[in-house]
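Enquirer: The structure is given below, and queries will be raised subsequently.
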Amino acid sequence: MNPLQEDMESALTGSQSPHASLRDVHSINPTHLMARIESYEGREKKGISDVRRTFCLFVTFDLLFVTLLWIIELNVNGGIENTLEKEVVQYDYYSSYFDIFLLAVFRFKVLILAYAVCRLRHWWAIALTTAVTSAFLLAKVILSKLFSQGAFGYVLPIISFLLAWIETWFLDFKVLPQEAEEENRLLIVHDASERAALIPGGLSDGQFYSPPESEAGSEEEAEEKQDSEKPLLEL
């Protein structure tokens with residue numbers, strides 16, 4: 001192969017590489033990117049994510065479940081009116097369950113205000129409620145006389161303690177990480193859409209069309225045919 005042919009082939013291969021890169025860039029579908037952006041923005045317009053809504057429902061369940069157990073305890077120990085007056089009006093830290101109910105109300109108000117109304121994306125609120133709940137219940141179990149009052153002396157403190165720590169686990173390992181992943185995906189999609197918008201839309205694959213290569217030896221065959229036709233023309 002002569003040097004001229006080598007230069008021509010190197011030029012052809014060099015011209016094909018930018019064409020291929022342009023085709024790769026145009027393979028990005030802006031319509032698909034915009035659809036994904038709209039889907040993420042639609043989730044944001046809901047006001048609250050699905051996983052955060054589930055967390056708020058669980059916080060509400062915490063309050064309702066502790067309230068139900070407390071009402072059952074009031075009925076078991078001599079009727080709601082008499083026991084309610086004894087535990088609320090004549091409150092005694094060592095024998096009353098009313099403070100455990102107030103503790104559930106405290107958790108509900110703080111967590112709903114922080115993570116549903118204010119949409120907080122930090123763990124300090126759940127850390128506060130869990131720390132207060134754990135410290136209060138441990139002190140009450142050690143100092144009070146709940147264990148001498150039947151099964152509810154065990155059930156109410158244990159249930160309240162477990163629900164507080166389940167809420168902490170759910171927020172720290174489910175709500176906050178999933179919302180962070182959604183934000184990262186949205187940023188990636190926005191970045192890709194901005195890059196696609198910088199690509200000129202007038203380019204198409206037809207502009208990079210190159211004719212098929214001629215078969216080897218075709219020029220030599222054409223020259224031989226012309227040489228064979230010359231004697232016939234002279235005759």
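We count from 1, first residue shown onward.
Even glycines carry a Cβ here, placed using N, Cα and C.
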Enquirer: Between the candidate ranges 1-22, 23-44, where does TrEMBL place the region 'Disordered' annotation?
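Expert: Going through 1-22, 23-44 one by one, TrEMBL gives region 'Disordered' for 1-22.
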Enquirer: Let me know the model's mean pLDDT on the domain 'MENTAL' (48-218).
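Expert: It averages 86.
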